Amino acid sequence: MSKIALITGSTRTPRVGTDVAAWVLDVIKSRPEDKLQVEPLSIADFNLPIYDEPVMPAMVPAMKQFTKEHSKKWSEAIQSFQGYVFVIPEYNGSMSGATKNAVDYLYNEWPGKPVAIVSYGTQGGERANKHLSESLELVMKMKVAPTKVTLAFAPGTDVFAAINEGVLGEDTRKAWTEAGHKEKILKAFGEVKEILEQ
């Protein structure tokens, strides 16, 4: 059975990313799946500093050649999956530094694997989604699902709760459902599955 990592890209505290990722995971698991196992993975759990290995990631052909324990653990975790779903915030018009740093830590673990991208933010994180998609497809040589999911918080108190308390509000959950985002997530995940089956 192939394994898919659902990667939470935010590392700040508090962060709503864990709630968003849990919501996405619930959506994916709402459709019975017998060929793919989806597991949550949080970048924050790896405590990655700004890249500090002595060689470029592309020059590390094997995980054992990393010199730092955090690099080895991150490489080993990513290598163990056959595909990915990134759940990322938008910071200042792009992906978060933590997301970019985590992606850039590795190279040989990524190419050829399928990935879907779900972004979120006050306006849905469209630019973060686009920038990560370009990085993964053009540089890391991954196969990016065509369907991109952008989730905007409901206006008012939900925005405050998301940004300042790390809480995903009920109005936002309802708005995402009514806007058809659950269906888009399932479509994007289906595209990941199709790529794996090719």
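Residue numbers in this text run from 1 along the chain shown.
Positions of Cβ are set from backbone N, Cα and C atoms, glycine also.
Predicted, not measured: the structure shown is a model, and the values here were computed from it.
Quick look at what Swiss-Prot lists:
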BINDING   Arg12, Glu90, Tyr91, Asn92, Gly93, Tyr120  FMN binding site
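Annotated features taken from Swiss-Prot, shown on the structure.
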{"residue": "Arg12", "record": "FMN binding site", "Cβ contacts under 8 Å, 6 or more apart": "Ala98"}
{"residue": "Glu90", "record": "FMN binding site", "Cβ contacts under 8 Å, 6 or more apart": "Ser96, Ser119, Tyr120, Gly121, Gln123, Gly124, Gly125, Glu126, Arg127, Ala128, Asn129"}
{"residue": "Tyr91", "record": "FMN binding site", "Cβ contacts under 8 Å, 6 or more apart": "Gly97, Ala128"}
{"residue": "Asn92", "record": "FMN binding site", "Cβ contacts under 8 Å, 6 or more apart": "none"}
{"residue": "Gly93", "record": "FMN binding site", "Cβ contacts under 8 Å, 6 or more apart": "Arg127, Ala128"}
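Residue environment of Tyr120 (FMN binding site) contains 31 other Cβ atoms, counted within 10 Å of its Cβ in all protein chains. In this structure, Glu90 (FMN binding site) is part of a beta strand by DSSP.
Taken residue by residue with DSSP, Arg12 (FMN binding site) is part of neither helix nor strand, so it is coil.
Between the farthest pair of Cα atoms in the FMN binding residues (Arg12, Glu90, Tyr91, Asn92, Gly93, Tyr120), the distance is 17 Å.
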